[in-house]
Amino acid sequence: MDESVVWLTIVVLSVFVGVEVISKVSSTLHTPLMSGANAIHGIILLGAVLVTGSADSTTTLVVGLVATVLATVNLVGGFVVTDRMLQMFTRRRPGGDGR
Amino acid sequence: MTPTWVQLVHLACAVCFILALKGLAGPRTARAGNLVGALAAVVAVAVPFGYLELDHVALIVAAIAVGGVVGAVGARRVQMTQMPQLVALFNGVGGGAAALVALLELDHLGPATPGFDVVATAFTVAVGAVSFAGSVVTFAKLQELMTSRPVVFPGLPVLFGVLLAMLLVLAGLVVAEVSVGWGVALALAGLVAGALLVLPVGGADVPIVISLLNALTGLTVAAGGYVLGNVVLLVAGTLVGASGSFLTLLMARAMGRSVGNILFGALRGGSTLGAGEASDRPVRSAGPEDVAILLGYAERVVVVPGYGLAVAQAQHTLRELVEVLAARGARVDYAIHPVAGRMPGHMNVLLAEAQVPYEQLVEMDDINPDLPHTDVVLVVGANDVVNPAARSNPAAPIYGMPILDVDQARQVVFLKRSMRPGFAGIENELLFDPRTTLLFGDAKESLTRLVAAVKAL
């Protein structure tokens, strides 16, 4: 199989999976879901690490490091804020009234 | 060639991201899903340090440490009311990072690179920049650093068209010459396009734009993954792109709008109408004691909380008032509009934070049939989601949005800071209805005085 066809296959299947896994979500969870998906694309950090690790000039190194910082803010901040939101959804379960 | 174990780890991480999304879509599994996603991310980022001879490792680790601290502290410190703009900002920096990564990758690609790789790189540069600038403008709108009303000026549609053509030409040049110089030009044009894309969007539609930009960033990450030959980036990016686009459609449907209408409605003109200024038409206002009598002797009360409640940090006081009323024998529920707050589901988060019992939060479709039998509806800091113009006035920007049919209740009480119109910038006829009473003042203060007044009855 042609390598680019393999990539295309992965993309097409991922599209279906992406739509399928969230198709029945209630509007209550839209915000945390958006925030969680937002965190997941912070994985561009991996790309930033790869290109920065092979930087061969000062300029590319600096640009790469900036990309690394930005991507980490996205990744770490995204997961932390999503967790904070979800914490509020789960805390009230036992006993109903937390006060 | 990437070692087999690395490819297997990548596969595992990709699966974890799928599980994370799936988990996030269910209330019981959401938190676990988020943790699975975070774990996969940590593993995926750690892998290259294990098998590649990376340069500048110390600097990279330092950069990660800086970004991690900034992200975590920002996410911990932010008020829950400001969370939408934080998500927008995180999305923006992600898009920016993707654009920078693609520019660096462009620097590596030789003239012999297969055409599709360069196309994907150009796509990432352009769309990443659009996402970055769009998110920053969204942030500024939500943080009220600039007006939240649509910004339109004559010639905007033309300018936008020219810019799109420029983006295509520049992308063509990048692909033809594989040059970083053109890549930078493309990125700059993308920045301007991103800002222009979001400026004409009215404040109430901003959540949809955040979701859309989120999906775009996902696509750039996927394209970046293709160029780098990295399965994790490809799968994670595609997942976010696909689910984000779908989520955008869901949200638009919940608001009764089409995505095209939201993005380009203002460009076509018409949807930017609205008073914007305080109106001086006569309204009936009352003091807390009068409103307390109204509430204290009602059997059925429905509370409609809006963003104004959250801004005033009055969720706890509101819960106190509801408890006092319930103790007097009234049946009280909260009516939650799907887009109450600044994002779908935002109000649920805010009330959950104030420990309002889950059973008292009733969704719009379930409470609407109840409203004609409701004695008093108490609207706290909400406006657009109860504006009957959405049903009756085709010229209104919110026309077609499903609303809470508060106008059918026997009495309506608005707690408002002033007569300024809501986020969508349109006047609410309901305010001038003879059955409507207004209690002016800061929501928290008004509620505190109401609690005292009801207790004194």
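The backbone N, Cα and C atoms fix where each Cβ goes, glycine too.
The model shown is predicted, which means the values in this text are computed figures rather than measured ones.
The transmembrane segment annotation in TrEMBL covers B:6-25 (among others).
The domain 'NADP transhydrogenase beta-like' annotation in TrEMBL covers B:7-452.
Look at TrEMBL and you will find B:32-51 (among others) tagged as transmembrane segment.
Annotation source TrEMBL lists transmembrane segment at B:57-75 (among others).
The transmembrane segment feature in TrEMBL is assigned to B:87-106 (among others).
If you look up TrEMBL, you'll see B:118-139 (among others) marked as transmembrane segment. Taking Cβ pairs closer than 8 Å, the transmembrane segment (B:118-139) reaches residues 85, 88-89, 91-103, 105-106, 109, 145-146, 167, 170-171, 174-175, 178, 183, 186-195, 197-199, 206, 209-210, 213, 216-217, 219-220, 223-224, 226-227 in its own chain, all 6 or more past its ends.
What TrEMBL records for B:151-174 (among others) is transmembrane segment.
Marked as transmembrane segment by TrEMBL: B:180-199 (among others).
Per TrEMBL, transmembrane segment is recorded for B:206-226 (among others). Long-range neighbours of the transmembrane segment (B:206-226) within the same chain, counting only residues 6 or more positions beyond its ends whose Cβ lies under 8 Å from a Cβ of the stretch, are 84, 87-88, 91-92, 94-95, 98-99, 101-102, 105, 117, 120-121, 123-124, 127-128, 130-131, 134-135, 138, 141-142, 148, 198, 232-245, 247-248, 251-252, 255, 257, 259, 262-263, 339, 342-344.
Note on the transmembrane segment (B:232-252): residues 10, 13-14, 17-18, 21, 44, 207-208, 211-212, 214-226, 258-259, 262, 339, 344 of its chain, located 6 or more positions outside it, place their CB under 8 angstroms from a CB of the stretch. The transmembrane segment annotation in TrEMBL covers B:232-252 (among others).
Across all of the domain 'NADP transhydrogenase beta-like' (B:7-452), the predicted model scores a mean pLDDT of 87. Stretch with the largest number of CB pairs closer than 8 A to the transmembrane segment (B:32-51), among B:6-25, B:57-75, B:87-106, B:151-174, B:180-199: B:6-25. With a threshold of 8 Å between CB atoms, the same-chain residues lying at least 6 positions outside the transmembrane segment (B:87-106) that come near it are 71, 74, 118, 121-122, 124-136, 138-139, 142, 174, 178-180, 183-184, 187, 190, 210, 213-214, 216-217, 220-221, 223-224, 227-228, 343.
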